[in-house]
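Asks: Grabbed the feature section from TrEMBL, which reads as follows:
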type     : residues       : note
ACT_SITE : A:K32          : active site, proton acceptor
MOD_RES  : A:K32          : N6-(pyridoxal phosphate)lysine
BINDING  : A:R130, A:M312 : substrate binding site
DOMAIN   : A:237-368      : domain 'Alanine racemase C-terminal'
ACT_SITE : A:Y258         : active site, proton acceptor
There are 2 protein chains.
Amino acid sequence: MRTITIKPAAITHNLNQVKKLAPTSKVLAMVKANAYGHGVAAVLPALQQADGVGVATLIEALEARKLGWDKTIGLIEGAFTVNEWQQAIEHDISCVIHHAPQLTWALAHIPPINSATRVVWLKYNTGMNRLGFNEQTLIPAAKLLHHAGYQLILTTHFANADNHSHPLNAIQIQRFNDMLSTLRETINCDVKGSLCNSAGIVNFSKHHHDWVRPGIMLYGSAPVIDQSACELNLQPAMEFSAQIIALQTVNAGDTIGYGSRWLAQQDTKTALVSIGYGDGYPRIIGDDVYVSVIDTINHKSYPCAVIGRVAMDMIVIDVSNVPEGIALNSKVILWGDTPHVDEVAAHAGTISYELLCRLSLRPQRLQG
Amino acid sequence: MRTITIKPAAITHNLNQVKKLAPTSKVLAMVKANAYGHGVAAVLPALQQADGVGVATLIEALEARKLGWDKTIGLIEGAFTVNEWQQAIEHDISCVIHHAPQLTWALAHIPPINSATRVVWLKYNTGMNRLGFNEQTLIPAAKLLHHAGYQLILTTHFANADNHSHPLNAIQIQRFNDMLSTLRETINCDVKGSLCNSAGIVNFSKHHHDWVRPGIMLYGSAPVIDQSACELNLQPAMEFSAQIIALQTVNAGDTIGYGSRWLAQQDTKTALVSIGYGDGYPRIIGDDVYVSVIDTINHKSYPCAVIGRVAMDMIVIDVSNVPEGIALNSKVILWGDTPHVDEVAAHAGTISYELLCRLSLRPQRLQG
């Protein structure tokens with residue numbers, strides 16, 4: 001079976017790692033994009049010790065509410081329309097406000113005094129240049145919101161926090177800290193701050209402020225370029241697996257799969273595995289990637305190279321090192337404990353985030 | 001809204017193109033991998049003129065039956081277990097038999113005389129080297145199946161049919177035709193043949209045999225390297241779109257997004273679009289890819305470059321060429337009529353099949 005197995009205990013463990021790194025900050029656990037592909041329903045129960053969850057769309061926010069999440073929900077791109085703003089009020093969603101139309105909606109439709117929507121995450125563009133107010137427009141926006149009765153969390157987003165030594169980090173931190181001081185001095189001493197995503201949590205421990213916003217590290221991947229998930233004591237929360245459905249021996253000189261890319265240098269025992277890019281295993285994977293075959297009898301793990309091009313529904317692997325007679329029907333781990341999804345992503349020229357998110361509907365979802 | 005709009009009329013049109021190219025063959029329309037990401041429920045009604053549909057897993061086969069498909073369903077990797085074989089009989093599924101265990105199950109559990117499972121697609125490995133019997137093992141398998149009362153369709157799969165001049169094509173065709181002749185002479189003159197996928201349908205019109213198996217061309221993408229979808233009179237069946245949710249001007253010298261990859265050479269009007277790799281838009285997309293912005297007033301289309309790295313939930317585009325005041329909330333077409341998904345795939349270093357299949361749950365599904 002094509003299977004995605006989610007491990008809630010790993011997510012709880014990873015959340016505890018966040019809390020150890022940022023012990024005085026509240027935690028907005030990111031569950032956008034269906035909890036980075038893990039499935040929000042499977043993930044929320046593992047996040048009970050978080051102070052809130054972060055989502056990218058109103059639909060995702062409403063789904064989290066429907067699933068019983070009764071604490072903070074932060075809508076990190078805010079409402080897309082005035083109607084969405086009104087729905088946010090109705091369901092007690094805290095919104096980012098990052099541009100003038102959202103400010104207008106907030107001033108025209110003020111939530112009830114005890115509504116969670118009274119807390120707004122005011123987005124400051126410190127150098128990512130995607131969204132947010134600039135230095136000139138942010139202060140007037142903050143004043144208007146404060147006078148209308150909103151509580152403010154100043155927030156921004158790093159462009160290069162994964163790389164500790166990138167020069168933009170110091171600039172973004174300085175701009176953010178300066179603006180937070182200004183707002184506290186000129187508007188209200190109780191303005192809160194939120195600067196750090198996972199990479200910031202790891203790399204910039206002096207700048208955690210009131211709320212941290214971990215995402216990828218909750219799911220067990222490394223958020224920084226110079227420390228592995230293992231070194232950070234993070235556990236992978238997903239195992240992506242399939243099974244061997246046929247065995248063959250290809251002869252020296254034979255080629256395998258589309259484009260005849262892989263050429264057998266010698267007679268080679270191969271196995272067909274029921275997984276492909278139609279499930280979300282990336283087509284770009286080359287012959288330098290391995291999967292783990294778990295034999296059906298001893299449950300021993302064998303690393304086996306992917307050979308030939310990944311197709312929509314199947315891949316071929318080299319099972320020369322797997323003992324005769326125990327390979328058929330064996331479980332094949334595409335990513336999980338080993339190989340780690342970070343390793344597979346590096347070979348696929350991307351980051352684990354994308355592999356986790358771009359899984360299709362086809363694999364069966366389980367909890368482990 | 002993040003939206004995937006499926007156009008059943010385009011699929012029916014494309015099926016008609018298949019029928020024009022292969023007028024004397026039956027058509028097994030491939031709907032595996034959730035109909036190449038289009039959604040099998042949306043696609044089946046558009047395929048009423050096909051003779052059967054092809055799927056990769058028993059779950060997909062049962063879904064097609066549940067949706068009311070009462071003609072042939074071909075399970076193209078066959079049953080994975082004896083239990084699956086028995087379920088195939090129960091639901092009248094025609095299976096590929098590609099290795100000895102499947103042969104054993106078929107001989108041990110013979111379907112009723114009028115069952116569609118009596119028709120087996122006997123897989124011959126002619127050079128793809130993924131699955132199938134070889135020259136020595138196929139004939140005895142065919143004899144056993146014939147004597148047990150099965151009707152046979154000899155089938156194989158091209159490795160390089162997209163490239164007309166690849167030398168393996170002629171070898172595969174020759175091996176297939178020779179084996180089909182042998183089976184017809186030695187077993188039964190009524191053994192059928194099925195050789196061609198979409199690329200084979202286009203490139204090898206003399207070898208269509210009894211069943212053709214179109215996949216990608218049904219969805220409007222080009223199956224061959226030297227003719228475009230337009231040249232083949234195929235219509236894209238999917239429009240993948242989002243909307244502009246904010247506008248900004250970035251200053252000359254500013255960088256955009258993760259890794260600060262894109263540097264503004266001059267002051268640039270940018271727009272934030274609510275789409276990312278969390279929806280299935282590939283992260284690898286570079287600055288040479290455009291999207292179409294459809295303005296909210298005149299519905300005119302403007303090509304706009306993607307600038308900066310694709311993130312999980314958003315991208316930034318250059319809207320310098322879109323008239324002031326009409327960009328916010330505009331629809332943005334990631335792929336559809338223009339750009340065609342084949343163009344986007346080429347820029348992403350992959351094929352349209354993968355982009356279509358690797359869409360996530362998040363976008364809303366509509367029919368157009």
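For all residues, glycine too, the Cβ spot is worked out from N, Cα and C.
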Asks: Out of A:K32, A:R130, A:M312, point to the one nearest A:Y258 (active site, proton acceptor) in space (Cα versus Cα); all of them are recorded positions in the record.
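Replies: Checked the recorded positions A:K32, A:R130, A:M312; minimum Cα distance to A:Y258 (active site, proton acceptor) goes to A:M312.
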Asks: Could you put numbers on the helix, strand and coil content of the domain 'Alanine racemase C-terminal' (A:237-368), residue by residue per DSSP?
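Replies: Across the domain 'Alanine racemase C-terminal' (A:237-368), DSSP assigns the residues as follows: 16 helix, 48 strand, 68 coil.
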Asks: Go through A:K32, A:R130, the listed recorded positions, and name the one with the sparsest Cβ surroundings, counting other Cβ atoms within 10 Å.
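Replies: Among the recorded positions A:K32, A:R130, the sparsest Cβ neighbourhood within 10 Å belongs to A:R130.
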Asks: Which site among A:Y258, A:M312 has the most other CB atoms no more than 10 Å from its CB, taking these as recorded positions?
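Replies: Result of the Cβ crowding comparison: A:M312.
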Asks: Where A:M312 (substrate binding site) and A:K32 (active site, proton acceptor) are concerned, what is their Cα separation in Å, rounded?
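Replies: A:K32 (active site, proton acceptor) has its Cα 27 Å from the Cα of A:M312 (substrate binding site).
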Asks: According to DSSP, which of helix, strand or coil covers A:K32 (active site, proton acceptor)?
Replies: helix
